[in-house]
Structures are given as structure tokens and as C-alpha cells.
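**Q** After the C-alpha cells below, expect a handful of questions from me.
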Amino acid sequence: MTGLDRKKDDEIIEVLRMMAPGTSLREGLDNILLARTGALIVIGDSEKVLSLVDGGFYINKDYTPAHIYELAKMDGAIILSKDLKKILYANALLVPDTSIPTAETGTRHKTADRVAKQTGEVVVSISQRRNIITIYMGSRKYILRETPVILAEANQALQTLEKYKVALVEAINNLNILEIEDIVTLDDVAFVLQRTEMLMRVAAEIERYISELGSEGRLISLQLDELLTNVDADELFIIEDYAIRTDLRSDEILEKLRQLSYDELMNLVNICSILGYSPNADAFEMVISPRGYRLLSKIPRVPVNIIRNLVKKFSNLQGILNASIEELDDVAGIGEVRARIIWDGLRRVQEQIFLDSRKL
């Protein structure tokens, strides 16, 4: 998923949340669906939308599922306010530009598609004959599906995510050992970032399912949160540890990674280039030392500004690991108590890493 795809996905997620099961809007849509009356609903009252309205009734009443259900019995379109609090117009005739191309066949769906493309607003078309709800957003189209179908797909995606998480944990555990022994290669770092991005892209897909499921997606959401614990933070700290380019901040480098297409992500050269390394075969075998952000973040009660001071003082993880309590105490913002906490914390982190390595 590229950055543009991710942005579009975020937009559709917001729309799906508006009409997910358990919401007032979805209740109204489901009532219309059950009554088989069909409907054309525009969400938004911008000047572009109102310029397409011909006739109808100005309602300006609070939105309720019962009100929209009754108004849908009339043939014309219903115009809702952007915040979904008001029903503004009912039985309105929409007159979009007929030169706007559309692949839709039915009159209602053609109008919905053209209005969405012309105004950029969300338009909902409920088919009287096929009994389905179709959402139009700009040039995008999305058909709402039944909850059991979405749940099945979400659970399948969760299984894939669990497999990716196992692979990522193995890669991270391997990186931990290599960092302690100071034998990390660029290839090792790129591989971990690749695995992380693969996992995050499946997670983005599951987030869309959760948005569409609404109140039915609580369990899926809890499972997703558990699987993603520390993944985002670790990815950013890995970039902090290894990126050598100075023209971008770590979060901007992360965004560059997330803009890679799937095929680009599969080529580790692209990841290395984003980190600032020369894209050649020899670079993969280059031994590089982490600055220490990620492993230091595992020590409780050590804020990021203190970690930055440590990195500034000792340059890299090995320098920090080899520092005495007295040397740690000399770092800005670190007193004797915190120096002891950091020194002991690093020892515990190393012990845990060696314990985890035996499970590999």
C-alpha cells in the first residue's frame, strides 16, 4: 500500500465508521433496506451539492432513523448535513453534469456516482431491486456487506497477521543478539523493517474491517491492539538507530517507507536507500552499529530526552553498554539514582535477550 493508497484507505475508514452497525445512520439505512423502498442520500450541504438540488422540500429537522426512513418513501434524494445531525432536504431532484462518465446502469446509481464525482461528498445509494447499500466517495465506490461476511474476512486477516507477527518477533530477537554482539549488517536492519511494514499493511486492512463492523468489531479490535503492541514504536526507534540521512526526520523516513508499493517493499535495496545508504550489493554486508534508541527504550522510566543525551555522549549502543555508572552519571539530566537504573536496566535487557535467543 502506497502513501496515496493509505490516505484513501483512511478516508474510506472514516466513512465506514459513520455508517457502521450500531450507529444511528446505519439504523436508518437498514430500515430503508428492509422496507425495500430504495433511497439516494447525500452527506454534505456544500455549495456544490446545493447547486445540484432542484425542487424538493426544505426540512431542516434533527436526524433520526425514523425520520429518514419515512422520507425515503418519497422518490427524491435526501440531503443530510455533514455532521449527520440534520436532515436538510427531502424528495429533491439532483441534476449533476451528465457529461461526467459513469459505469453505473440504474438511474439512482448513475446520479449518485456523478454527484459524488462532481461534489467530492459522500453519496449513499440503496438499491430497491438488488437490496444493497452502495457508497460513492469522489471517484471511489464501496458496497456495504453483511456482517458475517466481513467477520469471516477479518478473522482470516487476523490469522495472517499472527503469522507475520511470529516472523517479526523472530527477526527482532535475532536483531537484538546481533546488536549486543555488535555484528549487525544493513541487510539485517532492512529485513526487520520489511517484516514490520508487511505486518502494518495487513493491520491497516483489518482496521478497515473493524470500521465497517462497528459495534460488532470489538473483539477483533482487541486482538489487533494486542498484536500491534510496541510495533509502531520499535519501527521508529530502528530508524532512529540506523538511518544516516540528515535531510529528513525519523518520522518522515518512516512515511517514505510507507509510501513504497508492495513490490518496492520486497526489494531491500529500496529500504536501504530510504535510510540513506548507497544501493549496492556490498552495502548489504556492511556492519553498522545501532545508536541505542530501541534497546534503551525497553528500560522503564527513561524518557526519550535522556536517551538522546546518552546517544549524544556515547555515540552508539556499545559505548552506552560499556559505560560505568559514574560515566552514566556525568550525562546531562542523569543523576546517580537514574544512572544506576539505566545500568541495571541494560543488564536486565541483555539477560532477557539471551534468554529469548535460546527459544529461537
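For all residues, glycine too, the Cβ spot is worked out from N, Cα and C.
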**Q** Of Leu52, Leu88, Leu94, which does Swiss-Prot put in the ATP site with Gly76, Thr107, Arg108, His109, Lys110, Thr111?
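**A** Only hit among Leu52, Leu88, Leu94 in Swiss-Prot's ATP site, alongside Gly76, Thr107, Arg108, His109, Lys110, Thr111: Leu94.
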**Q** How many other Cβ atoms sit within 10 Å of the Cβ of Lys110 (ATP binding site)?
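**A** For Lys110 (ATP binding site), the 10 Å Cβ neighbour count is 17.
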**Q** For ATP, what surrounds Gly76, Leu94, Thr107, Arg108, His109, Lys110, Thr111 with a Cβ no more than 8 Å from their Cβ centroid?
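**A** Going along the sequence, the neighbours appear as Leu40, Ala77, Gly106, Ala112, Ser125.
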**Q** Helix, strand or coil by DSSP: which one applies to Gly76 (ATP binding site)?
**A** coil
